[in-house]
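Undergrad: Below is one structure. I have some questions about it.
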Amino acid sequence: MAQALLVPPGPESFRLFTRESLAAIEKRAAEEKAKKPKKEQDIDDENKPKPNSDLEAGKNLPFIYGDIPPEMVSEPLEDLDPYYVSKKTFVVLNKGKAIFRFSATSALYILTPLNPVRKIAIKILVHSLFSMLIMCTILTNCVFMTLSNPPDWTKNVEYTFTGIYTFESLIKILARGFCLEDFTFLRDPWNWLDFSVIVMAYVTEFVDLGNVSALRTFRVLRALKTISVIPGLKTIVGALIQSVKKLSDVMILTVFCLSVFALIGLQLFMGNLRNKCLQWPPSDSAFEINTTSYFNGTMDSNGTFVNVTMSTFNWKDYIADDSHFYVLDGQKDPLLCGNGSDAGQCPEGYICVKAGRNPNYGYTSFDTFSWAFLSLFRLMTQDYWENLYQLTLRAAGKTYMIFFVLVIFLGSFYLVNLILAVVAMAYEEQNQATLEEAEQKEAEFQQMLEQLKKQQEEAQAVAAASAASRDFSGIGGLGELLESSSEASKLSSKSAKEWRNRRKKRRQREHLEGNHRPEGDRFPKSESEDSVKRRSFLFSLDGNPLSGDKKLCSPHQSLLSIRGSLFSPRRNSKTSIFSFRGRAKDVGSENDFADDEHSTFEDSESRRDSLFVPHRPGERRNSNGTTTETEVRKRRLSSYQISMEMLEDSSGRQRAMSIASILTNTMEELEESRQKCPPCWYRFANVFLIWDCCDSWLKVKHLVNLIVMDPFVDLAITICIVLNTLFMAMEHYPMTEQFSSVLTVGNLVFTGIFTAEMVLKIIAMDPYYYFQEGWNIFDGIIVSLSLMELGLANVEGLSVLRSFRLLRVFKLAKSWPTLNMLIKIIGNSVGALGNLTLVLAIIVFIFAVVGMQLFGKSYKECVCKINEDCKLPRWHMNDFFHSFLIVFRVLCGEWIETMWDCMEVAGQTMCLIVFMLVMVIGNLVVLNLFLALLLSSFSSDNLAATDDDNEMNNLQIAVGRMQKGIDYVKNKIRECFRKAFFRKPKVIEIHEGNKIDSCMSNNTGVVEISKELNYLKDGNGTTSGVGTGSSVEKYVIDENDYMSFINNPSLTVTVPIAVGESDFENLNTEEFSSESELEESKEKLNATSSSEGSTVDVAPPREGEQAEIEPEEDLKPEACFTEGCIKKFPFCQVSTEEGKGKIWWNLRKTCYSIVEHNWFETFIVFMILLSSGALAFEDIYIEQRKTIKTMLEYADKVFTYIFILEMLLKWVAYGFQTYFTNAWCWLDFLIVDVSLVSLVANALGYSELGAIKSLRTLRALRPLRALSRFEGMRVVVNALVGAIPSIMNVLLVCLIFWLIFSIMGVNLFAGKFYHCVNMTTGSMFDMSEVNNFSDCQALGKQARWKNVKVNFDNVGAGYLALLQVATFKGWMDIMYAAVDSRDVKLQPVYEENLYMYLYFVIFIIFGSFFTLNLFIGVIIDNFNQQKKKFGGQDIFMTEEQKKYYNAMKKLGSKKPQKPIPRPANKFQGMVFDFVTRQVFDISIMILICLNMVTMMVETDDQSKYMTLVLSRINLVFIVLFTGEFLLKLISLRYYYFTIGWNIFDFVVVILSIVGMFLAELIEKYFVSPTLFRVIRLARIGRILRLIKGAKGIRTLLFALMMSLPALFNIGLLLFLVMFIYAIFGMSNFAYVKKEAGIDDMFNFETFGNSMICLFQITTSAGWDGLLAPILNSAPPDCDPDAIHPGSSVKGDCGNPSVGIFFFVSYIIISFLVVVNMYIAVILENFSVATEESAEPLSEDDFEMFYEVWEKFDPDATQFIEFCKLSDFAAALDPPLLIAKPNKVQLIAMDLPMVSGDRIHCLDILFAFTKRVLGESGEMDALRIQMEDRFMASNPSKVSYEPITTTLKRKQEEVSAAIIQRNYRCYLLKQRLKNISNTYDKETIKGRIVLPIKGDMVIDKLNGNSTPEKTDGSSSTTSPPSYDSVTKPDKEKFEKDKPEKESKGKEV
């Protein structure tokens, strides 16, 4: 940006591009080339200049450049971007100021930039009409493409289109050049699309290619051109492509997992799905004779039986005839069966034979790897998987349910949600980046503006004026608001105005937010050094670096800046304190240009800002970060307040005045800029839309205003809305005349009321102001629609207008915050989704057209393959609408059935490709993006801040008034009573007053302390007490004044930081001690409530402390009764000191110790499990098993007695108060009551009563008692209970949302689903035979006028229907009925009402996608909030599991292990070296993969030869793996069995060898051994560590490992829910009629079957089928007198209400809650795992550290000698690696050494880690934690106390050297003295020799010391000071001290 300023922006910057310009460019390029070779090495990619992002081609010219002179529009201009100064380019600007960049070389080698032809081409290209023309062409073309059989004349239209496209491309090629240089035609990927489309068009036209329709489909790509034309779409497509890139890892993992599962499926179920029930051939056939021989297996090669009697029976033909198989009614495929005991059985007269093809046209099977893979993909996407599940269980046996459980939970839930997590993160990152970029631009523009202003001021203003203006600009940036006309002169006024208006709001927000934001905020993170350089240039233009901010040093200014920051609203929930540390580092670069004092001041300022940001509830941003006007207004006020306070001193006063004047100016300008319309419109509005005629009118107006604006009127209107909704919901079929007339009158009345409200409001407010408010416009529209509907009520076909009345429901949003928020969220995401929806529409359109073009014909020609009547089925692709419906259905996740049809008619490959593309692109990516957007607009702010202002809305005011009134009346009555009866109320009052007082004083006392704490400075010299203080204050409030939370919700969140999360971890000890005293003083405080808004909890006591406290508790049970009881009945309290009281007390103590004993608890848990297990036996066979029945009856009694005893014990031990205040105890109490009641009833002989029977079913709740006993489940339940309020809120809103659709459905379809059915065949009559109800009646008994089971006859039924549509289960039948419906009492006709499909499409988009995903949003959001409450730990985990989790997170607890010693034997040694090399490992992995490949090749019907080959290959593998095992055993000796993987390998090898010899035997009794080979694939996980590229996949697996504990708990809870529902289902639905989804295998007859059914519904699959038979309530649907042999129960009718409740509640609990919790956990852990992997140090680095360590410390002493340290550091991998020469760095690390110059591994690890991460508080915390762990795991370290450190040692050595040197010098001097004394006596010789000798000595000494010196001095500088920016001075000084001292020593 700064370089752009070289050419001053404004009109002067545009220069026409001429020959001279070209020459100049060439000259510059040549100069650069000459310079380049020297510099080439220095320039990294990072620091190369980059093109300016504001001046990219395609963007609009920045406002700063002003208007383009008219003569320069569409002309070649010199490039504005300095980056292109020496590159051959020029730009062209069109009228709309869009930038087009061209290459300045000759296009097509002939057209130079100034060639007239090229100029004309450019003019056409840049003109806006040109792109409009292309756009229209594309759209028209799309319309033509949707025609399924176009008329002949369209051929010519086709030519026209091709012509236009060719013209477009030619223009582009002429203007740009073809492909050689940058910015030419083919350099833009979007142009490739155009080019290929045109080439295809000509090829299909002139070359006869046979299958043209396939090529014609390529024309569809033209629709994609819309993307290249509309600007917003490119970015969305960019985001999509980004997310797909991100998905690569997940995709690889998914494919891998699916392959593994597919292999397992292949091994388990190969060929199973072909088992069918075959009719035993009739006795007269030749078959009977041959049966024996058949079973002896003498079949010849073509399947004919050869027999001695020579009569042949052609078995093959018999099997091939489908009519011999057993087929159920309404099914296409024969019934499957299996030979296992738990598999499906055949009816009498049939046998189970493997024959014929697989189900579903042969496409569902596990026969080859590819089909198995398809089946698993289908399982993963959960499409119609219940069918696959049922088929497989039928054919293979019920035990294989385990396989499906694994695949659904690990494959489906985990992988699909990972995809979601990745997409959401990609979206989030994209968002972050764009936001930061925007902020950076903002800042840069800001700078440029100031620059411009300064230049202009200097140029124009008189000295006095300039002085004044300088004064303005001094005030924290408010001066920037000033823009007078004189300034605008340089920018042509129009563009300036435009620019100003466009950004005024935004800037106002910026300034008033924080007058001076901390520097770090102003330039966000994403900056290359280059931009900093640019900025330095920006500043220096003014001649003084950081010109704008230097003024901060004046005291007033600094005051202002701090104050200003007080008013800055919190950005959004995500900007936490932590972000400041990161930012400050980045700021460093900027502070380089400031002088020292300034930068530190500025810096500490920014730190302080971060702490004192108060939380202002009124100023939450709306989700998309914009600021509402009210907020701007508030903020403006706040800045006034500041200036008022500043008026105290004169300079302040002066400034405040100027602020005021500036603000008024700005306000005026703002008002002007707000006006959207021309002034004449305002004149008109003033006259006609503001009614102030005469006084009497004004009085009327005032009166009306009083009435209409009163809160009670609002309340009344709200009640009317609710009533109106009720009236609309009461419509049903069949309705009596009276009822419908009541509804009609009601509607008229309500319409009247709403019309009156609107008219009165218009009178009161004037139309002009009335229509300024959104809600009023909404009201107006609805009222006018209602009036219109009254007028047009009788017009045929306009009944739809009635549904507009439903929109009235939305008026509730005004007073119902959650609904309002929800509508806002949907609104926001629809806004953000606008582009996305367009992309989705384009994708759907393209695929619909492709499908129609490719498969349309085939559907027509081969229709008999998929439909016996040879009529097109409902789902086909023969025309565009149906094709669109199929694509939409695929987007809903239902692709497999339509794909089978497609594959059957149009061939497998193409269909697979197209459907998979739609599935992957559409479903996975786009819908997930949808979800990501929804979740991102769901920040916790939205939920908490329901209203923009904290004002109460009218409704609340009205209700409050009523409440007050009621309270007043109550109090009056109470007082009368008191006066009458009591004479001493005063005493009590005083007493209460005292109480309150004491509370208050206590409160203030605590706050007092906290205030002192506030200013305890910690080591950093900054005030960290804020955290402490506010958290303490909060506790107090928490304890005493609950109401204050309700009245002032902001209180709960006022703790911006609590102690543990402040930036400054090293708090002083004194502070902590005072904290702890405080805590003691409030022992009652419950730990969980300690700090709701904060993320840090009070530290739990250490284990030792707990142990001491517990025994005290044990001795004393609580009081029996509450204080209230004791007051009323004093005899409840007994003295425990003597007599009976003492005995009672001892009894209680005994009970207490029993109840608290571990064994007691264990015993009770055991009993609970047994009693729950007993319930599972009560299935339909219980009548036949008499012994079991009697046993269960006795057991039941025993259990009941035991539980009653337990309850009594607990009552005595805990007292009623404690027992009945615990929710879990209540649960126990109620469940015991149920057992008690049924026991008593049985004893009295009432057991057959209906009420008692239904009570018995409540025994199913018994397992719930296990909840409180298993911590894992209890944790999850607590989390869930916490989420219930918000889940209920959203549920209510969804119900309201659905209500609208339900009422609409009733309006559209009530009573129209009835149809006439032939009783004998069960099929529907054709309209030609039966037209209406009376025709059907005429046919008598053989016909029946029947309704569809799930219909829209009333609102309740509508809800059920909508639930089926929303879960996509059973929705087809409802949709078919709707589409076929004609009118009430008319026989339906096939697709008569085709466009009713759209009702369902709309509902699915809004009712299903939005509302169901909102649940996910709410649940995730809630758990995040609860997580904050629980101190940032995962709430689904128990303490134990948290430990595991932490261990997983940091494997720092690893201690160095002894490596396996190398064997002494030479041969063994060689083998050992070979085996321990990485190459060996990798080669084994490759072998494993190859082994898998050979397993994949296996198919069901392979030839004998193939089988032989495969078995030989398998043999080879067994030999190889045995070889590996032997080699390892030889070299590793007994150590081989110390490694888990080795044991696994050993088992697999043994099994394989045994399996070779005993294959038949094992397969018969066990699972086939091939399965174990599949498990071997898990070993691949080991190589992931060796591959650098696999980091992403490792992250994903790590996320899974981290989620396991939590997922296990959720799984347990789900199992419990399933268990209860299974028992409930058994007792209610065991005997229903077998039809639809209930049959002989899938039913509720036994516990196992119930579980199988419930597991299937957990994913909401096929619940409609299970519900259907239960909806049969009367004959002829079912038989109430049906007899069930072996049981006394009669009838097979269901109970619809119980059934609906059962299934709906189960679906809501399991699907919405448990499954979504699953999603929440995975999303959470995925983000944690990605953060972990993004951190500079990961687990693997620690592992690698220890692996290298083992080599240097073979005996695992945990110490290493100092001399080896250098080699060790050099042997590590990065990032811990310290390459040689590293002595200096190592010494500087100051490592502690123990005797023998040894260093401990942890110390080294810490020093190295610190080097990577830099100093930080967290580091110390981590260090302590790791040391504790280390000590725990190996106590040996204690004995070695460090005696010195490396740095000390070096200093000692250096010091010693210095001392020695000085001493030598001293000796030398002495010597010289002596010599000089004896000088005279010496000869000349001696005199010459000695000095020489002395010199030599000195030289030697110096020579000695030089390396030392360099070493020492550099050691102090070697570690880079990470905290020069972030740490305040004091600490810096302290840190420097030792370094300076050491320097001093060395000198």
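We number each residue from 1, going along the chain as drawn.
Cβ coordinates are placed from backbone N, Cα and C, and glycine is handled just like the others.
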Undergrad: Per Swiss-Prot, is Val207 on the side of the membrane where Met1273 is?
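TA: Domain labels do not match for Val207 and Met1273 in Swiss-Prot.
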Undergrad: Can you tell which of Cys892, Cys902 Swiss-Prot lists as bonded to Cys911 through a disulfide?
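TA: Within the candidate set Cys892, Cys902, Swiss-Prot assigns the bond with Cys911 to Cys902.
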Undergrad: Going by Swiss-Prot, point out which residue in Asn302, Asn1002, Asn1874 is annotated as N-linked glycosylation site.
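TA: Of the listed residues, Swiss-Prot records N-linked glycosylation site for Asn302.
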Undergrad: If you check Swiss-Prot, which of Cys870, Cys892 bonds to Cys864 via a disulphide?
TA: Cys870
Undergrad: Swiss-Prot annotation N-linked glycosylation site: which of Asn290, Asn1086, Asn1725 has it?
TA: Asn290
Undergrad: According to Swiss-Prot, which residue out of Asn1020, Asn1332 bears the annotation N-linked glycosylation site?
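TA: With Swiss-Prot as the source, N-linked glycosylation site is noted for Asn1332.
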Undergrad: Which residue, chosen from Asn211, Asn835, is annotated N-linked glycosylation site in Swiss-Prot?
TA: Asn211
Undergrad: Are there residues at least six beyond either end of the topological domain 'Extracellular' (1665-1696) with Cβ under 8 Å to its Cβ atoms? List them, or say none.
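TA: Counting only partners 6 or more residues beyond its ends, the topological domain 'Extracellular' (1665-1696) has Cβ contacts under 8 Å with 386, 1180-1181, 1183-1184, 1319, 1344, 1349-1350, 1370, 1628-1638, 1642, 1653, 1657, 1702-1703.
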Undergrad: With a cut-off of 8 Å between Cβ atoms, can you find at least three pairs linking the transmembrane segment (1606-1629) to the transmembrane segment (1158-1178)? Only pairs 6 or more residues apart in sequence count.
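TA: Contact criterion met.
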Undergrad: Would you list the DSSP helix, strand and coil counts for the residues of the topological domain 'Cytoplasmic' (236-249)?
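TA: Helix (H, G, I), strand (E, B), coil: 14 helix, 0 strand, 0 coil.
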Undergrad: Okay, the transmembrane segment (1697-1722) and the transmembrane segment (1506-1529): do they have at least three CB pairs under 8 Å, pairs separated by 6 or more?
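TA: In this chain the transmembrane segment (1506-1529) does not contact the transmembrane segment (1697-1722) - fewer than 3 Cβ pairs sit under 8 Å.
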Undergrad: Cβ pairs under 8 Å with the transmembrane segment (214-235): which stretch of 129-146, 189-206, 774-793, 1395-1420, 1697-1722 has the most?
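TA: Counting Cβ pairs under 8 Å, the winner is 189-206.
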Undergrad: Sequence-remote contacts (6 or more beyond its ends) of the topological domain 'Cytoplasmic' (175-188), Cβ cut-off under 8 Å?
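TA: For the topological domain 'Cytoplasmic' (175-188), the sequence-distant neighbours (Cβ-Cβ under 8 Å, at least 6 residues beyond its ends) are 57, 87-89, 101-103, 105-108, 111, 118, 121-122, 124-125, 169, 195.
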Undergrad: How does the topological domain 'Cytoplasmic' (1213-1218) divide up by DSSP, counting helix, then strand, then coil residues?
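TA: Split by secondary structure, the topological domain 'Cytoplasmic' (1213-1218) comes out as 6 helix, 0 strand, 0 coil.
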Undergrad: Could you pull the average pLDDT for the topological domain 'Extracellular' (1665-1696)?
TA: 90
Undergrad: Quick test of the contact rule: Cβ under 8 Å, at least six residues beyond the ends. What residues does that give for the topological domain 'Extracellular' (731-738)?
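TA: Non-local partners: 1303, 1306-1307, 1310-1311, 1353-1355, 1384.
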Undergrad: Which residues, given as numbers and ranges, are at least 6 beyond the ends of the topological domain 'Extracellular' (1498-1505) yet have a Cβ under 8 Å from it?
TA: 266, 270-271, 274, 365, 367-369
Undergrad: Is the topological domain 'Cytoplasmic' (1213-1218) packed against any residues at least 6 beyond its ends, judged by a Cβ distance under 8 Å, and which are they?
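TA: Hits for the topological domain 'Cytoplasmic' (1213-1218): 1117-1122, 1148, 1151-1152, 1154-1156, 1225.
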